[in-house]
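Q: Before I ask anything, here is the structure I am working with.
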Amino acid sequence: MNNFFLFIGSEFTSSVGNGVYRVALNWALVTRYDSARVLALVQFLSLLFGAVVQWRSGNLIDRYHGKRVLVTIDFVLGLVAAGLSWLALNRPDEYPPLLSLFFIMTLGAIGAAVEPAFFSMMTTVRQRPANTTANSWMLGSYAVSGILGPVFGGILIQASGVWMGFAVDALSFFIGAALMTRVAVDVGSERHEKNLYTGQNPWLWTWRAVVVRRIFTFEAFANLAVATFMIGLPLIVSHIPNAGALGLGFFYGSFYLGVFTATVIVPRWAQKIPQAAVAYSSPFAIVLGMFLALYGHHVGLAVTGVFLTGFGLPWIDVLTRGAVLESVPQHLLGRITAVGSVVSTVSKLIALAMIAAWGALDPIWVMLASAWLAFSAYLLTTSRTSHGSVSF
């Protein structure tokens, strides 16, 4: 298991940096513009080029192996984050327009390949546990880093400024790349171009695989609603007196505390519960949490809602990812995972584009959350069995 924990530790380190980066970027935007439209537009541009990268990342992962891709990505991301830190320190008047926006878009584009590479590499890491447990460890590490990163970032930014957040992000990527070079993978798992299986179109395969298609569509609806909600978080905090960057970090930390709590519970019950029914019922609790956070008009209710939202998501992620791993052949895993990432990214782009175009958060969130609940209800009524991947 030590090798698997080294693998998890690499992404944990860079994820802590991402949490710091998230607070630095969103706090700089919300304090300068206080606009849902600006927050959505910057994230839209960051994700837009990420979707293009994800479109092609599956072939690279299957050809060159996730480990090589991850080490390269972390190193390049470290360089870009270091450049953004220098710009924020020495030329703060140009943040976020112009050159700094270029850095932000580059971070989003290159970082988009991390998830499919990490997810597909997990099946080749030596000393790995069972899929459900491995997925839970992976999401748990993201959750803990999601707690530590924003809180740590809020403290740093409050004390030293936004540039320090970007500097810590850069350092985390360099450390993550160094750790990943030490991870051992199964013999024969390294893939080369001459061995790359090209007989299947991953998009066509996904469409024909009913279980995978249903899961990816379900996750697309989820991303529409959750991405809209996450745009609202900095705006909620900005209107709380004396909250500051530390307050924003605390709200993000509450969200990931919910994620972490659920990842501790889910593996214990994954084999004992009707997985599809639980996954497709979770949106009702998540939407309730988002509603409390957005419209509770009280700090306590807002924090409770954010925690509940985070708590509900792993009941979807752990169970659906396990079903995908059971359903997808190994030689297609990188490309099918990339398909799922593209679908998720495009759904986020749609939500962000709607906010940027209309400049209004509330009606868009209500519409998208309602659509997610309606689709979840449809999936609940059409699930075929009670257990296993085929239940989805």
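Count begins at 1; order follows the chain as displayed.
For all residues, glycine too, the Cβ spot is worked out from N, Cα and C.
What TrEMBL says about a protein is an automatic prediction, not a curated fact.
Here the structure is a predicted model, which means the values were calculated and not measured.
Taken from TrEMBL, the feature transmembrane segment applies to 38-57, 69-89, 101-125, 137-157, 163-185, 215-237, 243-265, 277-295, 301-320, 332-358, 364-381.
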Q: Ranking 69-89, 215-237, 243-265 by Cβ pairs under 8 Å to the transmembrane segment (137-157), which is first?
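A: So the stretch in question is 243-265.
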Q: Using Cβ atoms only, state whether the transmembrane segment (101-125) and the transmembrane segment (364-381) have three or more pairs under 8 Å that are 6 or more apart in sequence.
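A: Touching, no - the transmembrane segment (101-125) and the transmembrane segment (364-381) miss the threshold of 3 or more Cβ pairs under 8 Å.
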Q: Given the transmembrane segment (364-381), which of the listed stretches 215-237, 243-265, 301-320, 332-358 has the most Cβ pairs that are under 8 Å apart from it?
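A: Looking only at 215-237, 243-265, 301-320, 332-358, the most contacts with the transmembrane segment (364-381) come from 215-237.
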Q: Please identify the stretch among 243-265, 301-320, 332-358 with the greatest number of Cβ pairs below 8 Å relative to the transmembrane segment (215-237).
A: 332-358
